[in-house]
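Positions annotated as domain 'Nucleoside phosphorylase' by TrEMBL: 31-283. Marked as phosphate binding site by TrEMBL: 37, 68, 88, 89, 90, 120, 224. Per TrEMBL, the feature purine D-ribonucleoside binding site maps to 205, 247.
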Ligand SMILES: O=P(O)(O)O[C@@H]1C[C@H](O)[C@@H](CO)O1
């Protein structure tokens, strides 16, 4: 492991893990789902489950955060083969970005075409309420401004090009599909679209930071997703992402609100049913709207 000089994983390392997984199950997933904090229930949507604990998967990192179970679930969603990460990895856990995004490259080598990323996030947009679901239309990679990008280091062309475009990071057809599905399900009141900004965490943001991020154009702030999206686009998978607004970012010195992980997990529980409906319907409609997955 760590055969790459930047502390990352080589193509062969990723392939070894993908081949090991393929040897353990007949399911060949076309859609890969990543569950955000408190959103692990999304994996329960899958039928005919084949489950691996992260600790049993060669080369896989371990989940260390409450609300991230650390299980990789293969299964089907209305007959469609899927894989679901019940728990992701974050910078603040001490993992390098190449390790955080390793599962995304494994998705690719398993045959996944479309990645669905979910997260819990703080709402910066003053029109957002706790419980809103934001379809991510773009991102701001704050760690990237300081050179922290999962693609730093030698580029292996078998994954993708040296300089991948990110102006189309979030698939527009899938955003539209999600909006259509959300409206059909009667979720119009809490469905939004906006820009997600990633920070390193684990401390939540100060009031001044939230004000700055909002002025910069971010609608929601979190600690994940962007690195996975960049890695997925680099290797040619389509990306759809959504944020559950689990708390209002504190923007006012008069406010008594304090961001906390318990509220994040509770909001995830409160919206679990609608999120499962939304994500499962989107996933099962993907083939009807295009030929990619
Ligand atoms: O994995 P996500 O981005 O959903 O998790 C968010 C960010 C932190 O890990 C945690 C803070 O409560 O939730």
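Backbone N, Cα and C define each Cβ position, glycine as well.
The structure, with features from TrEMBL marked on it.
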{"residue": "37", "record": "phosphate binding site", "contacts (Cβ under 8 Å, 6+ apart)": "65, 67, 68, 119, 120, 246, 261, 264, 265, 268"}
{"residue": "88", "record": "phosphate binding site", "contacts (Cβ under 8 Å, 6+ apart)": "34, 35, 36, 63, 68, 100, 103, 224, 228"}
{"residue": "89", "record": "phosphate binding site", "contacts (Cβ under 8 Å, 6+ apart)": "61, 63, 95, 99, 100, 103"}
{"residue": "90", "record": "phosphate binding site", "contacts (Cβ under 8 Å, 6+ apart)": "65, 100, 201, 202, 223, 224"}
{"residue": "205", "record": "purine D-ribonucleoside binding site", "contacts (Cβ under 8 Å, 6+ apart)": "122, 199, 213, 221, 249, 250, 259"}
{"residue": "247", "record": "purine D-ribonucleoside binding site", "contacts (Cβ under 8 Å, 6+ apart)": "122, 123, 130, 257, 259, 260, 263, 264, 267"}
Cβ-Cβ neighbours of residue 68 (phosphate binding site) (radius 10 Å): 23
Beyond the site residues 37, 68, 88, 89, 90, 120, 224: chain residues whose C-beta lies within 8 Å of the centroid, for phosphate: 36, 65, 67, 87, 119, 223
Most distant Cα pair in Å, residues 37, 68, 88, 89, 90, 120, 224 binding phosphate: 13
Among 68, 88, 247, the binding-site residues whose C-beta sits under 6 Å from ligand 1: 88
For the domain 'Nucleoside phosphorylase' (31-283), mean pLDDT (0 to 100): 96
Three-state secondary structure, which DSSP defines for residue 247 (purine D-ribonucleoside binding site): strand
